[in-house]
Amino acid sequence: MTKEKLILAYSGGLDTSVAIAWLKKDYDVIAVCMDVGEGKNLEFIHDKALSIGAIESHVLDVKEEFAQEYVLPALQAHAYYEQKYPLVSALSRPLISKKLVEMAHKTGATTIAHGCTGKGNDQVRFEVAIAALDPSLKVVAPVREWKWAREEEIIFAKENGVPVPADLDSPYSVDQNLWGRANECGVLENPWNEAPEDTFGITTSPENAPDTPEYVDIEFKAGIPVAVNGEKLSLANLIQRLNVIAGKHGVGRIDHVENRLVGIKSREIYECPGAITLLTAHKEIEDLTLVREVSHFKPIVSNELSNLIYNGLWFNPATDALKAYLAQTQAVVNGTAKVKLYKGSAKVVARKSPNSLYDEDLATYTSADTFDQDAAVGFIKLWGLPTKVNAEIHKKS
């Protein structure tokens, strides 16, 4: 009997490798691994899927698409979930879902499988995105169905010829892409424990970072970072370059107890050296170029967009509407920010823009001042009139 085809979001780790062995009894498994900048040995992952029993194995390089279509809107929004987390994992899930659906259409598969547990955010992100893109596709979640302890999973792996990774003893669960690295589990589950140094993989400890600061010039055109220190780079390569430079200086370490979509609190350790550097630089160019009303309203939109992305609603009309508003603000965001990297800090120390709204002649307190200070008297009188009237009325009562 012909089996149905199934697309598996494959990472090469134990969970999704065991999933191939488990699913191949009922499905023709097509493994799909996306390169979003995690730095894995992709050829090994491709071959591993086939050796376990997948009928096809695909590795897709989607770094530039990830950077342009998913990271860039978040950068331009200054998107932080709960004002701390730059949405590292949350941003990659809609792209991965989109590619899984495309592969299902290409191969005639009827089902998609992922390796998420039943208590995380990613199961929601994948399944809601898949439903938005093609409601006819079925979704299975083997790890959620098994409810196995790690020991039981290892036994199944060994009995079914699934290679057990050498780094399985690592206490941490790690997810990495261009925009950063997420670490959880192990001693991190106790929020009173300071994260040990072996938690971190792409940043130097600020205490051990260079004793001399490094300055980086980041150029933006229409809100898009296009060059580092005068060198033009694709967006994906630019982010990777800053991950290395800023990571060396210990920039971008975040310790966050966050409210998960599924209703629990989770302690996460993030490393986002490139992201924090770019977010900091981009904000300073906006401060120079956006009118006050846009500057004051934009954070409200950004906060709502951050929540939508975190909660798995990338493919939602509300997300589209907010992204459209934010994109409209970026035409004037041109210029260069000089960022000082030093022992965990990324600080903009200078900025310039051809669209700058900063007028030194108006701002100066020297004799070159062109600001009409005599106009202040009338302005204050009119601006304060409602406050004055309110005070007078309440004083009478």
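For all residues, glycine too, the Cβ spot is worked out from N, Cα and C.
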Of Gly108, Gly115, Gly118, residue recorded by Swiss-Prot at the ATP site of Ala9, Tyr10, Ser11, Gly12, Gly13, Leu14, Asp15, Thr16, Ser17: Gly115
Count of other CB atoms lying within 10 Å of the CB belonging to Tyr85 (L-citrulline binding site): 21
Binding-site residues listed as Ser11, Ser17, Thr117, least Cβ neighbours within 10 Å: Thr117
Per DSSP, three-state class assigned to Ala9 (ATP binding site): strand
Sequence-distant neighbours of Arg125 (L-citrulline binding site) in its chain (C-beta under 8 A, six or more apart): Ala90, Arg93, Pro94, Ser97, Gly312, Trp314
